[in-house]
Amino acid sequence: MEVLAAETISQQERLQAIAEKRRRQAEVENRRRQLEDDRRQLQHLKSKALRERWLLEGTPSSASEGDEDMRKQMQEDEQKARLLEESIARLEKEIEELENADTLPAPVKETQVAPSPGPVVPAPCPAQEDRKAEVDLNAQQTPVGTPKEKRISNTPMRMVEGSTMMNAAMYSVEITVEKDKVTGETRVLSSATVLPREHPPQGIKVYEDETKVVHAVDGTAENGIHPLSSSEVDELIHKADEVTLSEAGSAAAPETRGPSEEVVRTTPSRREITGVQAQPGEATSGPPGIQPGQEPPVTMIFMGYQNVEDEAETQKVLGLQDTITAELVVIEDAAEPKEPAPPNGSAAEPLATEGSREENQVGPEAPASDPQDLDMKKQRCKCCSIM
């Protein structure tokens, strides 16, 4: 009976220890949330004060009511910033105390058991049961976001919980950021994935959780370093991914153009065409399978039929609506030895020379008064249409 009573007492103590541990974890989570909110408000107040100070420096020396109001607002913001800094320091101290309280070993209580004639079952040590219960609680009922790992290392290697074996980091990312002192916005300049190093660069650790460790390396003295929250780290990683994708897209465009330009430079011209100048890229601009001497295929798209019955509509469709038609009729007389030249001297000159050549050939054989000669002269009359 005494053994059962001792087991009951140890079980009650174990349950009390579990409940106390849950309460401390809940307090730690609440203080962490409040700490992140205070840091965010402090950052906002600092950026606001910096902007107002910059505006006041640019105004003329003559004071006005607006400047006085702005100075009062700046003093109030500075007072709020001091209060927030004190609150942040207090919360950090409380969180550290609660976390140290979790790591302290539980006091070992000895249970006196009276001797009995029967076999005595050794009572389990409460400290061992408490540790076992804490491990089971961490494995099954740990709330989301609770830090399980208390040890902080200065290298990319991380300790596996419950053992002395180290878990090496899979990869490292170097991110170059620039912070606007006026707006407080952080902009990512470049991002590069590198192999994890055994000894990290000399810097300040600003964030660490179960999967990530963030060190601030350069610019620590100029910009001032404060610990980052999980949301800020996630936003920084997201911006770095966007910069990496944009750099990869800009680098892929010259690579796709490079081989075609080299082919154009190294391919000799196999055929010489008079009057045609080869342009760069003509050999590779056409579809595959077409030789340089062949013409590229023409794609024709059927747009439909159009019925035209009116002659005026036909000329309109064909683009001949504004054309002028003229006829030139030349009638020769037997008494005239020479044809009159046309006014412009362009259209009928070849015909006149041809007619005079025929007269020279036919003249000695037949007289000018022969009716057959008149018929031939009439047949030589030409009509031309000027479009």
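Positions of Cβ are set from backbone N, Cα and C atoms, glycine also.
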Labelled region 'Disordered' by Swiss-Prot, one stretch among 98-133, 170-205. Can you tell me which? 98-133
Is it possible to get the count of other C-beta atoms within 10 angstroms of the C-beta of S246 (phosphoserine)? 10
Under the DSSP assignment, what numbers of helix, strand and coil residues are found in the compositional bias 'Basic and acidic residues' (69-78)? 10 helix, 0 strand, 0 coil
Three-state secondary structure, which DSSP defines for T244 (phosphothreonine): helix
Non-local residues, at least 6 beyond the ends, that sit with Cβ under 8 Å of the compositional bias 'Basic and acidic residues' (69-78): 45, 48-49, 52-53, 55-56
